[in-house]
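In TrEMBL this protein carries:
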TRANSMEM  C:27-44  transmembrane segment
TRANSMEM  C:50-69  transmembrane segment
TRANSMEM  C:76-95  transmembrane segment
TRANSMEM  C:101-123  transmembrane segment
TRANSMEM  C:130-148  transmembrane segment
TRANSMEM  C:183-200  transmembrane segment
TRANSMEM  C:236-259  transmembrane segment
TRANSMEM  C:271-296  transmembrane segment
TRANSMEM  C:316-335  transmembrane segment
Amino acid sequence: MTDGYVTADGRQIGPVVMEMKNITLRFGGVEAIKDISFDIRQGEIRAIIGPNGAGKSSMLNVISGFYVPQEGEVWYKGAPRPSMKPYEVAQQGIARTFQNIALFEGMSVLDNVMTGRLTNMKTGMFWQSIWKGKAEREETANREVAEKIIDFLEIQAIRKTPVSRLSYGLKKRVELARALAAEPSILLLDEPMAGMNVEEKEDMSRFILDVNDEFGTTIALIEHDMGVVMDLSDRVVVMDYGKKIGDGTPSEVRNNQDVIDAYLGVAHD
Amino acid sequence: MPEQLAFTIEVFLNGLMAGVLYALVALGFVLIYKASGIFNYAQGVMALFAALTLAGIIDGQVPFSHLINAILGTDIHHFGWHVPAFLAILLTMVVMIGLAYAVQRLVFRHLVGQEPIILFMATIGLAYFLEGVGDLMWGSDIKSMDVGLPQGLNTWIDDTTFNAFGYGFFIDNLDIVASIIAALLVIGLVMFAQYTKQGRAMRAVADDHQAALSVGVSLNFIWILVWSLAGFVALVAGIMWGTKSGVQFSLSLIALKALPVLMLGGFTSIPGAIVGGLIIGVGEKLFEFLIGAPFLGGATENWFAYMLALIFLVFRPQGLFGEKIIERV
Amino acid sequence: MLYRESGDFSSTYAEDSQTFPIKFDRYRYYFVLFIAIAVIPFMINDYWVNSLFLPFLIYAIAAIGLNILVGYCGQVSLGTGGFMAVGAYACYKFMTAFPEVSMLVHVLLSGLVTACVGVLFGLPSLRIKGFYLAVATLAAQFFLVWLFNRVPWFYNYSASGQISAPERTFFGIEITGPNTQAWATYLFCLMFVIFSAYVARNLTRGSVGRKWMAIRDMDIAAEIIGVSPLRAKLTAFAVSSFFIGISGALFFSVYLGAVEVGEVFGIQKSFLVLFMIIIGGLGSIFGSFAGAAFLVLLPVALKIVGVDWLGWPTDIVAHLQLVIVGGLIIIFLIAEPHGLAQLWRVAKEKLRLWPFPH
């Protein structure tokens, strides 16, 4: 295994941080994911694409620990990850956004972003109930990080607005802010641009590239918009009916006969 | 110990009878829940209200007489007539349909699309409201209810079991009649839901509001229908319990008995309500008889059903017959 | 013009996250606190304390506790009466077992005992959600009341089955028993109210509070971003039960003096406190106070109007009260699910712009 490569635009990609090894996931009799292996490297933007029902979201759910695969292992930072709860996965530095926005509707934008910092806030209940001192210092320190993310994503103006009042595009952005606030080592994005218009997509693409560029965050994303995927990602995994049918750089994948078949439609036997 | 065994069988049978009544109340819950997603805490108070109304009509009471007397300084109580039981039941049903209409129109039409827990709390409010209205309308004194149901010891069972076991079982005629009526009611409701046009529309609404709306089912009508049916079930339950132990506030507490039945049976399943009712009826009577009274100081019926349901739910959160919950993101 | 925030800027994050970021609010709060501590105690007599102030203060603590569980963590509980009973009986056992110890310690310990019981009954919340859980908490309600009724150890084998508070003191001042002073019981309860509100406010504005609210708003998403549902729910149950236990202990020892568990801590009590937070405002500390005040005042006001002025029989007024409370619950849930607290916020918003709203 070579340690990294250099992308077309000249960024240095590091070693493998996460690797799926022969993952199989079943719901009852249905195999949502069949024996899939791929890796994610430090600092790269990795896309997972495929037609509807290909098992992409299930794959992301396996990575974030929400589904437990019947077979296979997830390797993280060079060791197999023991079976763990989703919140333990999050504490290991894996943050994500959701296909259908999963913000906390009863809270303000700032509070939502601050929930992203929860894994870093360790002050006990006793000190929190007193507030002055330890708890307040921790709150302020984490608030500074959250505010930096808010500045970065240009949502300062809506900081104190309840999330339920925001437009769809802004909610998507707030969700990204919440994930970023955790300062994750891997960021999982489940269709970050679904349902957006062209301008919003451009904004979101810019943010994703900036995040990768500025914080060096490794990103794995699912997206349907092929143009976006080809422009953004360094390497692409293609899934169809739970199987991996292609893996490589955008141009490699584009010329892969199986992938073309899957998208243009060839009779499945 | 054959005598102990005979006692146990008797307790078992009595539990079965009580279970039928629990199932009946639980059925009212299931009907509303399936069609509208509302968990109707007020079902028990509806039974109380129906029983109060029925007793009041039979007796020829003037509604709100106490309030009228207090405000106007008059002294009226009765119209001075007695309404035959059958007619009174019909009149009460009209009142219950009116109530269903009012509830749908004034309360739940404004709460469409709210979270289930908000709807639940609204029905608690409704329960208080109805209890107050019932008391204001008919007074809060204990009323007796007599619509001609047979009561007292069933001598045939007493004799037969005495000959067979050397110990006569005490089983109340009223319980037997109640069980039969409840069974008929359940069969009738299932037939209604399966084979009539309204029943099919009801099931469609239960499955998917939007889809039902799109094929021309009137949600408003179905919901009023469902609340009326629940009112009818409440009336039947009210008659049974009212005849058994008088029409009084404690009647509304049967709702509290029906809740664990639902947890056990699953909120959406009619067979679940029946089986759950029987399990809880038998379970609490047997537990009280075998463990509660001898070892725990008695009155375990107050909490046994809840504990059973609680423990059961921890292992099977969807209930006996409920569908498995698959969580998605 | 009366209520302004212009020129009132926060320049640090700490300043921005304080409880009353607006100066005017802050001063009003100090003013209310001053009245409550330094003025009211000199003006009240037994009637006022027993019919208004004590129930208000004690219910406010219970409402804060329940609001943490229901309003902040989204776990509906109908077991409040049962948990108040735990506080009351724990307090009774401590009072009779350690007569020399200050009441302050007894009440706090009762809260802790209740917190443990609350955690125990909160365990099913990990598997059971929504109104399934609400119904499951009824198990706590009925079981606990039955337990205190049937196990003589809890009421020290007294013949009546009741518990009654012996005379106990706090820094030498008598707090419980027949010979208490109005101002003493009032201040004693007020102390716990201030403590409860302070702790609840601090917990809900920090990371614990955000965990609770995350679980309330979307539990699956909360777990995936790193909140342990087990810890979040159980801490909510613990803190909530702690306050409810304190209120139960005060309700028994300071307010009533003698308690028959089924009558005082029955399911009606659970509903009453739930109604307080619905009317007051779910997820609001201020709402807990508003709701408690409202439902303590309502019966008194109705009695004055109905019985004393209009001369109606008391039972009619009692029934009317049921109708009004039930109706209000429905109206609030339809029109203003965030309760009086939201009305207050809206009023402030309007006032901020008055008299030039455009």
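The backbone N, Cα and C atoms fix where each Cβ goes, glycine too.
With a cut-off of 8 Å between Cβ atoms, the residues of this chain six or more beyond the transmembrane segment (C:271-296) that come close are 52, 55-56, 59-60, 62-64, 66-67, 70-72, 76, 78, 80-81, 197, 200-201, 204, 213, 216, 244, 325, 328-329, 332-333, 337-342, 344. The stretch from C:76-95, C:101-123, C:130-148, C:236-259 that makes the most Cβ contacts under 8 Å with the transmembrane segment (C:183-200) is C:236-259. Remote same-chain partners of the transmembrane segment (C:130-148), defined as residues 6 or more beyond its termini with a Cβ less than 8 Å from a stretch Cβ, comprise 75-83, 85-86, 89, 117, 121, 124, 154-155, 261-262, 265-267, 270. Taking pairs at least six residues apart, the transmembrane segment (C:50-69) and the transmembrane segment (C:101-123) share fewer than three Cβ pairs below 8 Å and do not count as touching. Sequence-distant contacts of the transmembrane segment (C:316-335), counting only residues of its own chain at least 6 positions beyond either end whose CB sits under 8 Å from a CB of the stretch, comprise 275, 278-279, 295, 298-299, 302-303, 306-307. Outside the transmembrane segment (C:101-123), and at least 6 residues removed from its termini, the chain residues within Cβ reach (under 8 Å) are 75, 79, 83, 86-88, 90-91, 94-95, 137, 139-140, 144, 168-171, 175-176, 188, 192, 233-234, 236-246, 248-250, 253. Sequence-remote contacts of a segment are chain residues at least 6 beyond its ends whose Cβ falls under 8 Å from one of its Cβ atoms, and for the transmembrane segment (C:236-259) they are 50, 54-55, 57-59, 61-62, 64-66, 68-69, 72-73, 75, 77, 80, 83-92, 95, 103, 106-108, 110-119, 121-122, 125, 162-165, 168, 175-178, 180, 185, 188-189, 192, 196, 199-200, 203, 212, 215, 265, 273.
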